[in-house]
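**Student:** Below is the structure I would like to discuss, written out as structure tokens.
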């Protein structure tokens with residue numbers, strides 16, 4: 001067993017240098033986001049800043065789902081519930097006069113961790129389609145719980161009179177400040193997840209994804225690693241929810257529905273499941289396509305569905321994998 005404890009059976013498979021998902025490309029993409037305000041200023045279009053902020057918020061949410069779905073083979077159809085937890089943490093605390101975003105993020109993280117711990121403990125006793133269905137059930141339970149809270153808007157949701165404060169200062173009301181705050185959160189989440197995936201924990205999680213029976217045979221507990229990843233993913237998604245509530249200044253159970261969970265799954269698959277850059281690409285592409293296609297038809301999701309089918313048919317690794325092949329690199 002000495003070799004096992006050294007991690008020889010769960011060796012990391014780093015991305016090749018020629019891959020889009022190598023060490024430089026993700027940081028280059030994040031650096032490009034930092035240039036968006038300059039682009040918006042040059043073009044005189046402030047909406048560019050708004051949509052880029054939304055891209056980054058959902059990139060955080062997609063990264064969180066990718067941790068359990070891409071690296072743990074856990075397809076959750078209730079992941080949007082965590083976004084709702086984050087949003088309602090902002091709305092409920094604001095209604096009681098607690099407007100500091102750091103306190104709201106802390107409350108959202110604690111609530112999401114507890115929810116994930118309980119639901120994950122039960123859900124991870126199942127697998128395959130049963131896991132999908134039980135996460136869907138828990139997600140809908142959370143959805144209808146928020147619908148029943150008439151004190152906080154019920155099914156109609158609740159509007160926020162202003163954005164959260166930062167250290168007691170009303171900084172986030174400026175879209176530029178909010179943009180860079182969201183970018184900072186995205187960079188932090190990306191860096192943490194990258195470290196997690198590259199760690200011994202991440203290697204065991206991927207080993208469990210590939211062959212759970214083998215991991216048990218060599219002395220690891222798949223359940224413990226999966227539950228930990230499930231909680232981490234839930235907390236990150238809740239943080240994304242606090243950011244989304246601040247951007248749109250509105251909180252609604254609609255953001256917790258199974259349709260929203262399905263959209264998160266689409267983002268991960270569209271960009272490239274089981275990679276670090278894929279969810280960022282997928283979330284950005286989804287938000288951009290949503291904005292473009294919605295101008296042509298209210299049935300824009302039909303067009304998105306066609307695009308998703310084409311991506312899956314021609315590149316099971318998503319847009320990122322397709323880009324790798326076009327440039328002659330290898331998939332991550």
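We number each residue from 1, going along the chain as drawn.
Placement of Cβ uses the backbone N, Cα and C atoms for every residue, glycine included.
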**Student:** Would you mind telling me which of 156-174, 175-193 TrEMBL tags as transmembrane segment?
**Tutor:** 175-193
**Student:** What range among 201-222, 223-244 does TrEMBL record as transmembrane segment?
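**Tutor:** Result: 223-244 is the stretch TrEMBL calls transmembrane segment.
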**Student:** Determine which residues of the chain contact the transmembrane segment (264-288) at the Cβ level, with the cut-off under 8 Å and only residues 6 or more beyond its ends counted.
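**Tutor:** Sequence-distant neighbours of the transmembrane segment (264-288): 15, 20-21, 25-26, 29-30, 51, 54-55, 58-59, 61-63, 65-66, 69-71, 75, 77, 79-80, 186, 190, 193-194, 197, 304, 307-308, 311-312, 317-321, 332.
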**Student:** Below 8 Å between Cβ atoms, which of the listed ranges 80-98, 130-154, 223-244 makes the most pairs with the transmembrane segment (55-74)?
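**Tutor:** It is 223-244, which has the most Cβ pairs under 8 Å.
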**Student:** The transmembrane segment (175-193) and the transmembrane segment (105-124): do they have three or more Cβ pairs under 8 Å, with pairs 6 or more apart in sequence?
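**Tutor:** No, these stretches are not in contact.
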**Student:** Which residues, given as numbers and ranges, are at least 6 beyond the ends of the transmembrane segment (80-98) yet have a Cβ under 8 Å from it?
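**Tutor:** For the transmembrane segment (80-98), the nonlocal Cβ contacts are 61, 64, 104-105, 107-108, 111-112, 115-116, 138-139, 142-143, 146, 152-153, 158, 160-161, 164, 233-235, 237-246, 251-253, 255-258, 260-261, 263-264.
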**Student:** Looking only at residues six or more beyond either end of the transmembrane segment (175-193), which have a C-beta under 8 A from one in the stretch?
**Tutor:** 26, 30, 33-34, 36-37, 46, 49-50, 52-53, 56-57, 59-60, 63-64, 67, 163, 166, 236, 239, 243, 246-247, 276, 280
